[in-house]
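Following: one structure in structure tokens, then a few remarks.
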Amino acid sequence: MGMSSLKLLKYVLFFFNLLFWICGCCILGFGIYLLIHNNFGVLFHNLPSLTLGNVFVIVGSIIMVVAFLGCMGSIKENKCLLMSFFILLLIILLAEVILAILLFVYEQKLNEYVAKGLTDSIHRYHSDNSTKAAWDSIQSFLQCCGINGTSDWTSGPPASCPSDPNVEGCYAKARLWFHSNFLYIGIITICVCVIEVLGMSFALTLNCQIDKTSQSIGL
């Protein structure tokens, strides 16, 4: 691989990571916006930190850190940063694979846990403002009511529920949406994994080429 190929690979990796760094900034900013306004509240009181804002902040921060290492490592031809970028991407890829396996193996238990958590949160609707905000946001956004339908609200459905008495429950509607879009979710997941593998390959190739270039000029 000549110097021109090395430069091409370096700039491809740089712009690839710059794009992801910008995406990470947008995700982080949106997460901070959600945390400040707190429109979605807390749905699962056993996991009070599991809010939409926190998830976006964590994901955005991880993307920004990894992309920053990739940008600086490629443009500066820094082997340490490139290997850090490679190792972080490898850890993220392995974590995604393990998470997918765990979700597949424990799908039934997860469904039971989510259903129980949602039932507990419905009982807190009138006593906890954060739970009320979460349910109102979900029901308004998804145009659903309760977990399985209006019957979940023993004292009558709240104003955020649609007026249709045969409206679907939020949990049932979310599961139906997931199953009907499973193919697209799978394609997106595979694309993300392919991008991660390509990023790792580019980083490793550039790292090896830096070694060869250094040896050829006697450094």
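Placement of Cβ uses the backbone N, Cα and C atoms for every residue, glycine included.
Each of C170, C191 is a candidate, yet TrEMBL gives the disulfide link of C144 to C170. For C161, the partner cysteine in a disulfide bond according to TrEMBL, taken from C145, C191, is C145.
Of the recorded residues, C170 (disulfide bond) and C145 (disulfide bond) place their C-alpha atoms 6 Å from one another. Across the structure, C144 (disulfide bond) and C161 (disulfide bond) are spaced 6 Å apart at their Cα atoms. Same-chain neighbours of the transmembrane segment (81-106): 17, 62, 65-66, 69-70, 72-74, 189, 192-193, 196-197, 199-200, 203-204, 206-207, 210, counting only residues six or more beyond its ends whose CB sits under 8 Å from a CB of the stretch.
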